[in-house]
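J.: Structure incoming, see below.
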Amino acid sequence: MYKISFAGLLRGNDKDVEALAEAATTQGFLELELDCMEAKALQKDVKFLESFAESILDSPEDVKAAYHFHKTGRFRTTGFKPLGSEEGAKAGNPDGFEFFFLPQKEILLSEFREQLNCPPLAMSNIDTLTDCFKHYERTAQMLLQRLTEGLKLGNELLNAHNTSLPCVTNMGLIRYPPQPKESGNFGHIAHTDVGSLTILAATQRGLQTLDNITQKWIWVDPSDECLFVQLGDSLKFLSRGKILPSLHRVLPSDVAPEATKYTIAYFLRPNEEAEITSDDGKVWLYKDYHCRKFDAFARPLGYRPDGEESLISLRDYTGVE
């Protein structure tokens, strides 16, 4: 697995930029070493967000229902998702996670702050959450800049992620409760992320990504010294196929199935009005393509309308028992 220095990318070191470009075109994922002062701010953010995730996901059920992510905010970027409401990583089983989403647009762009619709617990922590978003945004923009340089692209990536314009970027605070073999809930279906890149931290093992060279699933071990970065569909589209999105899934931990797992996921996504061209040649506004893929996740088990097979990638149950 590629392990790339945050400090090296920040300085624009040729070796690290080349490694990032190689990871993007061969695997679609990498580990980002937190080896400088700027990166240490992210480590601090992760610790706060893990604690906040536990608190917000312990909210009463009536609060979770009132802020369901299908009816809160815009483009599925805000609110709670209940456990077991989508298809899981095992055929016929519902998923094994719940989440709370926070939107970047309403938090970082002052002209939209009054539109933020979140539970009181989130609002009482809004200053710290704002700082977290700023640190993640700077990191994501740095990665886009280095990808542009390493792959000798034009300004496609940077123009589609203009920080002064409304975007669909958000933060996911995700909880996987214990899932022993007798549990009916089972992980998260194999898929590629609809957005541009995802910056992940986790408290327990569970994430698997497909090694594109060996075509085998590999476990991703969480580490306090690294963040895991996955590249998504939108970077593939914006780079005209140069960047490879990471196919991944979440299974119950093979070493701690009785543990509760928390994942902090920063989902960098394009601006709402950015144009992307999907694999079939159709041009979309990102906000519309985003909602189409999120709706595909929520389909009933075994149901997939024509034209959606490429959206959930794919029902690969290899190695799932």
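These residue numbers are counts, starting from 1, taken along the chain as shown.
Using the three backbone atoms N, Cα and C, a Cβ is placed for every residue, glycine included.
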J.: Of HIS161, HIS248, which one shares the Fe cation site with HIS191, ASP193 in Swiss-Prot?
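T.: Fe cation site check in Swiss-Prot: besides HIS191, ASP193, the record includes HIS248 out of HIS161, HIS248.
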J.: Going by DSSP assignments with H, G and I as helix and E and B as strand, what are the residue counts for the domain 'Fe2OG dioxygenase' (167-270)?
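T.: Per DSSP, the residues of the domain 'Fe2OG dioxygenase' (167-270) fall into 6 helix, 44 strand, 54 coil.
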J.: Taking all residues of the domain 'Fe2OG dioxygenase' (167-270) together, what is their mean pLDDT?
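T.: Here the predicted model's pLDDT, averaged over the domain 'Fe2OG dioxygenase' (167-270), is 95.
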J.: Validating a neighbour-count step here. Other CB atoms within 10 A of the CB of HIS191 (Fe cation binding site): how many?
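T.: HIS191 (Fe cation binding site): 25 neighbouring Cβ atoms within 10 Å.
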J.: How long is the line from the C-alpha of HIS191 (Fe cation binding site) to the C-alpha of LYS261 (2-oxoglutarate binding site), rounded to the nearest angstrom?
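T.: A Cα-Cα distance of 19 Å.
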J.: Counting every protein chain present, what is the number of Cβ atoms, excluding its own, within 10 Å of the Cβ of LYS261 (2-oxoglutarate binding site)?
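T.: Result for LYS261 (2-oxoglutarate binding site): 23 other Cβ atoms within 10 Å.
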